[in-house]
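First the structure, in the form of structure tokens, and then the observations on it.
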């Protein structure tokens, strides 16, 4: 009976925690904001809010579209972000906490890197990832039904791949 409760508790814990890969862009932004601040300032909420605003405003041209999207989501809730941030909470935990108020934050993901991937490696990707690669390249796969058709289309459009990271 104890074993059942242990497994049930672990199952609930595993389902409630957001994986690092799911919030990767948010974690990256939070780590860069934290790196731009002194340790002393990282405990002050107004300084954290200012650092988030500075990161999102000053790096305007250097931010990727995904980072800009995270800035768009966290700008109205800077104060909510600053609270756990000021307590020294790890970036992943901060992202998990703000994900509760805005589930779109952790849905922003980095693109799958396809440089120098062989056909075998591309064929190991899920259809959803292949569709995302094509969408990032601005290509549609009209009439594609089978996975092999998506793999072929990704390989055909390899020349359209920009700097994916």
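The backbone N, Cα and C atoms fix where each Cβ goes, and this holds for glycine too.
According to TrEMBL, the features are:
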type	residues	note
SIGNAL	1-20	signal peptide
DOMAIN	22-110	domain 'ARMET N-terminal'
DOMAIN	120-158	domain 'ARMET C-terminal'
Averaged pLDDT score, the domain 'ARMET N-terminal' (22-110): 87
Three-state composition of the domain 'ARMET N-terminal' (22-110), taking helix and strand from DSSP: 62 helix, 0 strand, 27 coil
Residue counts (helix, strand, coil, in that order) that DSSP gives for the domain 'ARMET C-terminal' (120-158): 25 helix, 0 strand, 14 coil
